[in-house]
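Engineer: Reproduced below are the annotations present in Swiss-Prot:
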- 13, 14, 15, 16, 17, 18, 19, 20, 39, 128: ATP binding site (BINDING)
- 104-200: disulfide bond (DISULFID)
- 129: site 'Interaction with tRNA' (SITE)
- 200: active site, cysteine persulfide intermediate (ACT_SITE)
- 341: site 'Interaction with tRNA' (SITE)
């Protein structure tokens, strides 16, 4: 990298939150030629006619003016609808539980946004993600963020070398508390703004209500695996494997959990007990396998994996198959593996890549969690 940072243009994806605000502030302090871009991915006027994106953009403007950088808003609603939201709905129609954040990073934040940034002469793009990139030989490795509780490599597992070579993650080596501290010291307008939660395009809204606006709900029976009818479900798309809340089953004994779905019969299967044997599996088949480096991969990889965000790593053996899928075998049984979610591979702190959980297996038999 050039010793004179002012020759290096970095376009920062600014959301109006504290993380991206501090990202822009740090890069500006380091002397880079910084431009702030606000991505409008969703038309999110709420029931009171207030567009939360407008409020967020107002915060971007305040922060950009405070740190002295130019800023723009760019509309990616069409790309988002085509690449992320359509996928999200299609997965729910199949009875699965998708992870739109993974797709959003792959298709929008590090593709559509990256391409737009390059049209502005960007050498790099930067975001407020808690992750790190490190040059090793000719390749860039993706590493976990230092703050274990905030590490976001799980959502970045589909990024390619071409994308990783163009990104900067200034917050990757920091704890969240440090980031807030920097924002306060710099007097940034977003220093005390609370972190956003939930899926980007739903925001704080009720998930069930939101989904019902796009997919017709079909209520049906809630049964045990032995066929006992325990009640009605509101629509299979509202439930995920291992879910406890919202089932409405009373009575004594241990709580009830979702253990499977029958799409043809429109039946939700439930069983009692957090550790019910049906919730455990020993392997999975994953599709959409992608690796963060271009180096030749052995057919069998010993590593660790995460099957959901903020989960402890599990030791696994990954068998890459001729058809581009992978069989992932767990060292110990894992609870509530959910089709549609990401499986992400790690070698220590290095994120190797990942895929989408397609089918779940136990003792050589496919489990009909979704079928």
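A Cβ is built for glycine as well, from the same backbone N, Cα and C atoms used for every other residue.
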Engineer: Determine the Cβ neighbour count for residue 129 (site 'Interaction with tRNA'): the number of other Cβ atoms within 10 Å of its Cβ.
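Structural biologist: For residue 129 (site 'Interaction with tRNA'), the 10 Å Cβ neighbour count is 26.
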Engineer: Work out the three-state DSSP category of residue 17 (ATP binding site).
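Structural biologist: It is coil.
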Engineer: Across the listed ATP-binding residues, 13, 14, 15, 16, 17, 18, 19, 20, 39, 128, what is the farthest Cα to Cα distance, given in whole Å?
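Structural biologist: Farthest-apart Cα atoms in 13, 14, 15, 16, 17, 18, 19, 20, 39, 128 are separated by 16 Å.
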Engineer: Enter the number of other CB atoms within 10 angstroms of the CB of residue 341 (site 'Interaction with tRNA').
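Structural biologist: Within a 10 Å radius of the Cβ of residue 341 (site 'Interaction with tRNA') lie 24 other Cβ atoms.
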Engineer: Applying a 10 Å Cβ distance cut-off over all chains shown, what neighbour count does residue 39 (ATP binding site) have?
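Structural biologist: Residue 39 (ATP binding site) is surrounded by 24 other Cβ atoms within 10 Å.
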Engineer: Could you measure between residue 13 (ATP binding site) and residue 129 (site 'Interaction with tRNA') for me? Cα positions, answer in whole angstrom.
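Structural biologist: About 10 Å separate the Cα atoms of these two residues.
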Engineer: Would you count the other C-beta atoms found within 10 angstroms of the C-beta of residue 104 (disulfide bond) for me?
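Structural biologist: If we count other Cβ atoms within 10 Å of residue 104 (disulfide bond), we arrive at 26.
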